[in-house]
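Okay, so here's the structure we're looking at.
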């Protein structure tokens, strides 16, 4: 196989107000929790069932950070595109822990506010704000340079 794909697309609701942090270099990073809910009808009881999955989202893109800072609060409905990343860290007792997050970088990431309600605008849930970095295309890509070997 010549390539792979790491892409996550989610539509869900923000579980709490986004957490904004600033790095030592002054760069802002946002952490938020996004809930997606599946619903189905139980075959035996005909009862409506649902299951909510919580996703950790980390936003590094300066443009997306700016939009989230201004418009996103607990309950906001978002469409996001990003990639999955797992990071390793040590807790206070020195034990290794792993966290998998949906990461929005400066490239291949998108965020759309699906139900933006701003008191200064009369959107009534019909408008949305979108911020997307333009994708670059390399029209002179040479497929003969691809390494077809399995990496393990």
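Cβ from N, Cα, C; glycine included.
According to Swiss-Prot, the feature domain 'SSB' maps to 5-111. The feature DNA-binding region is assigned by Swiss-Prot to 54-60. Residues annotated as region 'Disordered' in Swiss-Prot: 118-152. Residues or ranges marked as compositional bias 'Basic and acidic residues' in Swiss-Prot: 127-144. The feature motif 'Important for interaction with partner proteins' is assigned by Swiss-Prot to 147-152.
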Fill in the blank from the handout: Taking DSSP helix as H, G and I and strand as E and B, the domain 'SSB' (5-111) has 10 helix, 62 strand, 35 coil
Exercise for the section: Tell me, roughly as an integer, the mean pLDDT over the DNA-binding region (54-60). Expected result: 97
